[in-house]
Amino acid sequence: MGKYDLKGEVGSRPDIEDRRKMQEDTNLSYFHGALMDQDADGLLQVPVLYYYLLQQNTNMKKSMSVKQQNLKNEGDFLIQSRHSSGAVRQRMVIAIRTKDAIKRIDIRRTENGVRLGAKTFSSLKKMVEYYSEKPIVLQGGEELLLKKAIPKGKFQLVHSDVKLLKKIGSGAYGTVYRGLLLRDNNRVIAVKRIDSEGTDDQALVEMMKEARAMQLNEHKHIVKFFGFIVDRMPYLLVMEYCDGGSVEDRLRAHPRKTTVPMRVDMSTQGSYGLEYLHSRDCIHRDIATRNCLIDKGIVKLADFGMCRATNVYKIDLSKPLNVRWLAPEVWRNGETRYNTDIYAYGVMLWEMFEIPYNSPYCEWKAYTVKQKVMAGYRMPPPPAMPEEIVTIMELAWNHDPDKRPDASSLRKLLDEVNKKYGGDEERSKISTLRSRA
C-alpha cells in the first residue's frame, strides 16, 4: 500500500484494491467520471433527453419558456471525478441540485473507502444510501438530502464498452485507433484517445467541445457519433469507423484512377453534410478534404473539434489557423460564419480537382497566402476542373461574403452538375477503388 498524505491522496501507483474500488465507482449509474461542470449542470438542470437537445440548439432554447428551460428537482445528484495528471488517486465531488443552485461537496478516497466531511464509508454506494436517509449538513446548518440519482446520458460510455485494436492515425490532441464497440455487437469504431501528459485538462476541454458538437448531428453525410468516455483516463471519443480513409488520402494515392466524375460526386456528397450542419445552427470551421472521410463510397464530414453551435464565432487571430482555407474577411473582423465555411468549401473544391494532389497555395508561406487572399487573389482552377464547378468555386470565393451561396444553394448547384456526370453511379466505383488499394 502506498503512502498517503493528510488529504487521503496517494503518492505511488494505486494497488489492486484501489483499482477494484475505482471500477465499482465506474459501474454506478450516477458516477459520471470527469464530466465537466458545464455538462453536469445541464443534466441537473433539465431531464437528460432534453439536455442533449438544448445544450447547443439555440433556436430550440428560444422557443421554450423560461419555466421549461429551468426544469429542476431539489435533491437530484450525480458524482464527478477530479482526476489531474499529477495525482493518481481520484478526487471526487457530489453535485446536488438545490432550490437556487447546484452545490458541489468534496469526496475524498481513503484507505478505508470514501469520506464526505467527517464521515467515512466503505464505498460510494454506501455513502449515497446513507445520505438518502439522513441529510448532509453544511456549514451554516443547510441540510441536503439525496433524492434522485441522475444516470449517465445517452452518449456517456465507459472504458469497458470499447476495445482498442490498432492505431490508425493522430489528431490534434491524441491518437486515433480502430476498435470495437462491445455493447453494440462488436461494431467496428474509430476511437480518439487523449494521451498528452500534463495537458489533460485542456485536452479534455477540447474533446468535450467536439463531443457536444457531434451529439446532435446525425446524417448520412456526417460521421456518426457514438459517445465519449471520461469515467477514467485516458479520455476517449467514440465514432463511426470509415474504411475508405480521408478524401485527401484518396486523392494522393489514386490521382489518375480517381476520375473527374468521381471527384464531382465526392464534391457533391460533402455539400449534403454541410447543408445539414448549417441547418442545425452549426459552423464547421475546418472544411477540407482531410476532414472528409469515405465509407463504402459515401463521403462524410468529420473532425468537429473546431465546430461551434452558433451563427457567428469570434476567433483569436494570434493562434494557429488553417490559413489556406480561411476567408479573407476573417483577418479583418476575426469572425467565422456560415459563409466562411462556404469559402473553405470553395478551397476544398479546388483540392478535389488538383491532379496530382497538392495543398492549396503550396508554393507560398502562410503570411503570403494571407496577404494575397486579402488583396483579392484566388488560385486559378485546376485544368481537370469542369467549367460548371469552376463557376461554383468562384461563387464560393466571392470577396463579399454576403454574395456567396448558402449551403443549400451550393448543394443544389453541385447536384445539377453531378447528375450530368453520373451521380450515384460513381459511388460504387469510389468504394471499389479503395478496396483495391
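Cβ coordinates come from backbone N, Cα and C, glycine included.
The following features are taken from TrEMBL:
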REGION    1-21  region 'Disordered'
DOMAIN    30-150  domain 'SH2'
DOMAIN    162-414  domain 'Protein kinase'
BINDING   Lys192, Arg290  ATP binding site
ACT_SITE  Asp286  active site, proton acceptor
BINDING   Asn291, Asp303  Mg(2+) binding site
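The DSSP secondary structure for Asn291 (Mg(2+) binding site) is helix. Long-range Cβ proximity for Asp286 (active site, proton acceptor), meaning a same-chain Cβ under 8 A and a gap of 6 or more residues, is found for Asp303, Gly305, Met306, Cys307, Asn322, Trp325, Ala344. When the binding-site residues Lys192, Arg290, Asn291, Asp303 are compared by the number of other C-beta atoms lying within 10 angstroms of their own C-beta, Arg290 comes out lowest.
Recorded residues Asn291 (Mg(2+) binding site) and Lys192 (ATP binding site) have their alpha carbons 14 Å apart, per Cα-Cα distance. Secondary structure at Lys192 (ATP binding site), as computed by DSSP, is strand. In the predicted model, residues of the domain 'Protein kinase' (162-414) average a pLDDT of 95.
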